[in-house]
């Protein structure tokens, strides 16, 4: 009888341990109870598991590898202005990255063996694409993210100061980020836009690139958390604020080295419009000048005719 009770107690303890062995920062993780610990992993390639530290956010590089693998297996899919001259957006989207053992992106990324490019510490391409001989001498650090998010309609106008406080606290608590990295929050009431500046420092204790990726997923209703709600919300003086659009700019320690091949269609269109405007001005000036010359020639001719008439009829 005593042995039966002991076995039952052990079973209950094992069940409780198993229930507590979860990865709250990665909903795709599989966790197993091992002697004295809980080990969580995620599939990042065929027959390849990545061990995860679920006490922190999972590095962006591991997240992207897991997401690409799941998409290949049919398990999931991914569906304000620049803060500075050298800020740029991620036009390439998700790809299957090469990661260091600690989850840091390798400076050189390739698609197969033919096309390669250099990335920053956020894994975002910062050079033109080249062949396999492309040199990426160092991983350039992303030091500043500017995140622009737009909230849905609310019944009462929001107070700017309260919005700043609520957003700072939400980012710090939800994404396990020290508030010192939230360096500025701006709120435009008319457009419902919140602009958040996340900056890294010399301490290196804040992975702002990963935080930005988690925020992007939350706003797109594709949260990476296991039990933390399906989206990003903030409570502003008792009003729940939900967000519906997302834009992120990356600012690196060094400016990117894109050529004119990366110029967006809108910029090209603007250049064409400017060029056409210049041509129009030149044509207008030419027409005015030509009309003026004709007028001068007319007056000179008229003066000569008057002079001849005067001589013939003194």
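Positions of Cβ are set from backbone N, Cα and C atoms, glycine also.
Not measured: the values here are computed from a predicted model.
Taken together, the residues of the domain 'Thyroglobulin type-1' (58-136) have an average pLDDT of 89. Summarising the annotation, TrEMBL assigns domain 'Thyroglobulin type-1' to 58-136.
According to TrEMBL, the signal peptide annotation covers 1-18.
Look at TrEMBL and you will find 263-288 tagged as transmembrane segment.
For the domain 'Thyroglobulin type-1' (58-136), DSSP puts the residue distribution at 13 helix, 16 strand, 50 coil.
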